[in-house]
Amino acid sequence: MNRKEEAVADFFERFTPIIMAVAVLLTGLGAYLASGLSLDSELKRLLPQSDPSVQGLERLEDAYGRQIGRLAILLEGPDPKANQESVDELAAMIGDHELVAGVEFTRPVEYFEDRRLMYLGLDDAREVSKRVNKRIKWEKARANPMFVGLGSDEPPEVDLSDIEEKYRSRFDQPRYLTDDEQRHYVIYVDPVFPNTEFQKTDRLLADIKGFFADKIEPDHPKVSIAFSGRYTKFYETQNAIRKDLTWGTSLALLGILVFLIAYFRSWVYPLVIAVPLIMSTVWTFGWAQLVFGSLNILTGFLGAVLMGLGIDYGIHIVSSFQETRAGRTPREALVTALETAGRPSLYAGLTTLVALASLAYSSFQAFFEFGILSLGGLTLVLLSYALVLPCLLLLVAGTRFEPNPRMPSEERHLRVTAKQKTRWTRLSAVFLAVAVVLAAVGMPGVSFEFDFRKLMPKDLPAFKVEDEVDDVVDMAQPPAVVLVDDKAHALAVKDELQKRMADDPRAEIVEAVFTIYDLVPEDQPDKLTVWRGLLEDLEDIPKSRRKKNERLQELYDELQLVDKTGTIAVDDLPELVRQRFARTDDPSKTVVLILPSHYIHNAQDAMEYVAVTNALPGPNGQGTVDPISQEALLADILGHIKSDTFWLVLIAVLGLLSVAWIAFRNLKRLALAVATVAAGVFVGTGLIGLLDISFNFMNMIIWPIWLGLGVDAVFHLSSCIARSPSDWSSFRHTAGAVFAAFATTMIGFGALMISGHRGLASLGQVAVVGLSSILIVSLAVHVFFLKTEDEADDEQREGSVNGAP
């Protein structure tokens, strides 16, 4: 060894105890910090705080409070009477709960039925008066003792059926929130806490389930209960992701260890590789707590991803150490391993870092956080493998636990025959040809999934119950909310939206627009004059005669209530109605509710919905205001992805080309690297289309990872060929290490495939298909490259022999 190599060996031999002690202390500190790390699966957590949609939702939380999203309860049973008794009893219990601000399970139908005459149009009111007056004249005439009838004495019929039918949809509604068969009943609950307070949601749900089981189920065993709404969906999603996190990370670690034990045929080296990786993963989660304080649904699986990405470097170094250990001291084997595998691993690590660093330039918060944490995490992984791994190798070397060294590649060189070389080349050609053809066939099928619901956890009860609630309650879908200052502002917003609904075909996505002023009858003074006049006319009919006609008496009682009530103001409306339009920040202000025609889960529909409803008139006609809604979040997510994707890929490509040029300093090898990675990405993309797997906003992060790991493989394979242009055995050893590195990475990502969260599962699918494609293409291309270099080397040797004296 030269002086430099001696210094490296001396460093690790002298400082191994210190390095291990510091590493253990840092792991303890990282574990302590990581214990405070929380998971936030809300969509707004994926966007920057500065985004209008995020700021709007935060403002809405302050201005509109708990009404943004509620907890929904669905009771189902065959007996309407039992159902109603269950609803009444359960609603009363929930209403008294300390965590509940209010309960809604009925409609204020009596209020509107009693005052329905004031809600008729003025022309219809006059028509009702006209028709009834015909009967009044007839009754008054018959009440006159001097009346002598001539001809037919049939009374004129008071037929108001056509007018009643016109308003039936407004007034003919069940009192309870139920369906036509009264088999399903809905209760809406307004908790006093935000849906992000997981433990309170857990307690509230447990208390409701317990009360139902103890008090209602014994009396009504055929009545069942289910939950949905914003609170329940968030609660179940969090639970599902946490479960997937635990299983996914554990499965990734177990799968990687099992594979490495099979690859090294020993449990010692896999353990040596795993210890620095586990340490650095713990450090990374501690780093995540310091930087962001919580994880989103993408960074939540960072542990499994880091294990898959980071273990590559340990595999290459330990494989080289095991091969060079035969006939060398541990010091010499370590220095040789760091020299032969360390340099390519360093450049491979740099390419992965550069690729992931491109995500840190994203304006999409989910990508940005994934990029930052991956950047820091991989740096810590590299640091751990650079410092901790050599110490562990030296500690194990020379003990009874050290595995047997592998046969050096020089001794195996003669075993690779010309026939084997030809076979490998042909197999590579077949694999490459088949892969390219399949990719070309699948390329037209490449698609992007815009439906966010298809990316959410599958088979969660709350999402299934949501559809049932929507069938029971008309307009159950959450509305977009416009914060308005006063009545004039509210009416200006509604007028503008109604104009767009009439003129813009895209506005079909808007079902209706509501203000609280819609519930205050128009033309009240004129209608009151009509009804009071009609009341006076009815009073002219003798009481005894009026009571004989049930229809006239009902109308008389109704008109008396109208006369007594007078005009209806906003403050006269039922509290339950006023609450839906109430502002918590300023009671003098109100909101306009925009109801979509259906639940909007598709980001393209969300963008259309936002485009139709944005830029509404501001207060006093000054400026504009935008509705606040979950759809705006979906639109912003898609907007970020559309605007960022090209630049992220460009930054990653330019960064990788720069690192590759620094590493190769050879145009031929650089061109080979570019062609290999491009072909691998093409094959991977085509196979994904062929397998009918869609790209989406969650698995798009795989693109820079594909590029980075593709260049990693090229570094190791081409560096091996550059060192030994005709050494097929050495290439086979390096190819085996590359295969092991890719396999462990695929195991890490593959663990995501078990996730019930379909977006994360798709990330695992895309990663495995793409990385396996890049691996096959890289190996096949470099077999051809090695064959070319080998033939050139043979010709050079033959030329040297022929030219020898």
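Heads up, the Cβ atoms here are built off N, Cα and C, so glycines get one too.
Since this is a predicted model, take the numbers as computed values, not measurements.
Annotation comment: TrEMBL describes 221-428 as domain 'Membrane transport protein MMPL'. In the predicted model, the domain 'Membrane transport protein MMPL' (221-428) shows an average pLDDT of 83.
The transmembrane segment annotation in TrEMBL covers 12-34 (among others). Sequence-remote contacts of a segment are chain residues at least 6 beyond its ends whose Cβ falls under 8 Å from one of its Cβ atoms, and for the transmembrane segment (12-34) they are 276, 279, 282-290, 331, 334, 384, 387-388, 390-391, 394-395.
Long-range neighbours of the transmembrane segment (245-264) within the same chain, counting only residues 6 or more positions beyond its ends whose Cβ lies under 8 Å from a Cβ of the stretch, are 39, 270-271, 273-274, 278, 300-301, 303-304, 307-308, 311, 315, 318, 322, 403, 736, 740, 743-744, 747-748, 750-752, 754-755. Taken from TrEMBL, the feature transmembrane segment applies to 245-264 (among others).
Through the fold, the transmembrane segment (346-364) approaches residues 46-48, 309, 312-313, 316, 370-372, 374-375, 378-379, 382, 637, 640-641, 643-644, 647-649, 651-652, 655-656, 658-660, 662-663, 697, 701, 704-705, 707-709, 711-712, 715-716 of its own chain, all at least 6 residues removed from its boundaries and within a Cβ separation under 8 Å. Residues annotated as transmembrane segment in TrEMBL: 346-364 (among others).
Remote same-chain residues near the transmembrane segment (370-397) are listed as 12-13, 16, 19-20, 23, 268, 272-273, 275-277, 279-281, 283-284, 287-288, 291-292, 298-299, 302, 305-306, 309-310, 313-314, 317-318, 321, 325, 330-331, 333-334, 337-338, 345-346, 349, 352-353, 356-362, 701 (criterion: CB distance under 8 Å, separation of at least six residues from the stretch ends). Per TrEMBL, transmembrane segment is recorded for 370-397 (among others).
The transmembrane segment annotation in TrEMBL covers 429-448 (among others).
Tertiary proximity for the transmembrane segment (646-664) is limited to same-chain residues at least six positions away from its ends with a CB under 8 Å from its CB atoms, namely 347, 350-351, 354-355, 357-359, 361-362, 367, 670, 673-674, 677, 703-704, 707-708, 711, 714-715, 718. Taken from TrEMBL, the feature transmembrane segment applies to 646-664 (among others).
Marked as transmembrane segment by TrEMBL: 671-695 (among others).
As annotated by TrEMBL, transmembrane segment applies to 701-722 (among others).
Sequence-distant contacts of the transmembrane segment (734-754) (same chain, at least 6 residues past either end, Cβ-Cβ under 8 Å): 244, 247-249, 251-252, 255-256, 259-260, 263, 301, 304-309, 311-312, 315-316, 319-320, 341, 709, 712-713, 716-717, 720, 760-761, 763-765, 767-768, 771-772, 774-775, 778-779, 782. The transmembrane segment annotation in TrEMBL covers 734-754 (among others).
As annotated by TrEMBL, transmembrane segment applies to 766-786 (among others).
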Near the transmembrane segment (701-722), which same-chain residues lie under 8 Å Cβ to Cβ, leaving out any that are not at least 6 residues past its ends? 298, 309, 312, 316, 343-345, 347-348, 351-356, 358-359, 367, 370, 645, 648-649, 652-653, 656, 659-660, 663-664, 669, 672-673, 676-677, 680-681, 684, 730-731, 734-735, 737-738, 741-742, 745, 763, 766-767, 770-771, 774-775, 778-779, 782, 785-786, 789
When you scan the chain for residues with a C-beta under 8 Å from the transmembrane segment (429-448), skipping those not six or more beyond its ends, what do you find? 679, 682-692, 694-696, 773, 776-777, 780-781, 784
